[in-house]
Amino acid sequence: MEQERIISKRSLIHIKTAKVGEMDITHVSYNLRFWLLLFFAIFSFICSIFIIYRYLSNRKMRNGLHNHCIVLIIIINVLLIVTDIIWTLVSLHNTGRSPSATSSFCLIWWLFDDALYNSQTAILAWASIERHILIFHSKHVTTQKQKLIYHYLPPILLIIYIFTFHINVLFFQSCENSFNFNDLQCGSQPCYLGRNFLTIWDTIVNNAMPTVIITIFNFALLYRIIAQKKRLRQPIQWKKHRRMSMQLISLSAVYCFLDLPMVIFLFIQLIQDKDPDVSFISQLYLFIVTYSITLLLPFVVCLNSLTIDRQRHIRISATVTLPLYKKPFGQKIETIA
């Protein structure tokens, strides 16, 4: 019985391109994707290192509970760049050939690709829930025990679950994986995708559910922040909550606008019985959307950080210059009198 082909989220870019007229555009596709990915990967890596250094070297930022999930997401981003994206670049440079034509390397590549990417999404989903606790129920994270239960433990358990799931479905299934060493990510067709229960579980729980949680909880966070501002009328508390919420909402917007279409595509794949045949433009679009989610995150975090610094600098400058303005004015009045 022929195995049904179901495409995973991170393997959408491996769909075979169509032909335009008599010209095979596959080679053009490899070159264009290589240079696009290389350009953005370099700047994303530099930005990620800057963020990690900045957050860890600053004691106040390092101790801020709302920053921990952000730093963890960026660290995972670095791991994705130095593994999955570098291997993809090598493969694109070699017109699709795998950097190493061995089944063990392909399995490790699949593991790093899916597990790290899903870990990023899951941690951001948890951060969307946790931000409600930090802003509206901060009394639950005051003691060390509470911080362990409500802050440190959930991301650790999520990462353990995701890696355990992917190690199990990739290395310990009775079916036989199919490898194509002349295609990106060795064809990216692990055999567990042919098993309905595992495929549906992976699509709904590991891919769709985190994106839905990110969307719902961030819209709810924005609503609660605005409602609290109108009810309490406390400008200082509002500014603090606004900074904490906008930091997360801006990251979540990347997933809502870019990841949600991918989730919809996966659901369509679950109910289709044939391979999709997409054009070169469609494949290029899927490629850009797939990797832009990962590569854009550091820029969003960096922009938020610089915006907060600029606002803080403006407030400090205004506080310092006001007394200097009043002092000579007061002396002048005193002399005239």
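Note: Cβ is positioned from N, Cα and C throughout, glycine not excepted.
The feature transmembrane segment is assigned by TrEMBL to 34-56 (among others).
Taken from TrEMBL, the feature domain 'G-protein coupled receptors family 1 profile' applies to 47-301.
Per TrEMBL, transmembrane segment is recorded for 68-87 (among others).
Per TrEMBL, transmembrane segment is recorded for 107-127 (among others).
The feature transmembrane segment is assigned by TrEMBL to 148-172 (among others).
Taken from TrEMBL, the feature transmembrane segment applies to 208-227 (among others). Same-chain neighbours of the transmembrane segment (208-227): 118, 121-122, 124-125, 128-129, 131-132, 135-136, 238, 241-242, 245, 248-249, 252-253, 255-256, 259-260, 263, 266-267, counting only residues six or more beyond its ends whose CB sits under 8 Å from a CB of the stretch.
Annotation comment: TrEMBL describes 248-272 (among others) as transmembrane segment.
Sequence-distant contacts of the transmembrane segment (284-306) (same chain, six or more residues past either end, CB-CB distance under 8 Å): 9-10, 12-13, 15, 29, 32-33, 36-37, 40-41, 43-44, 47-48, 50-51, 54, 70, 73-74, 77, 80-81, 85, 117, 120, 246-247, 250-251, 254-255, 258-259, 261-262, 278. Among the features that TrEMBL reports, transmembrane segment is placed at 284-306 (among others).
For the domain 'G-protein coupled receptors family 1 profile' (47-301), the predicted model reports an average pLDDT of 86.
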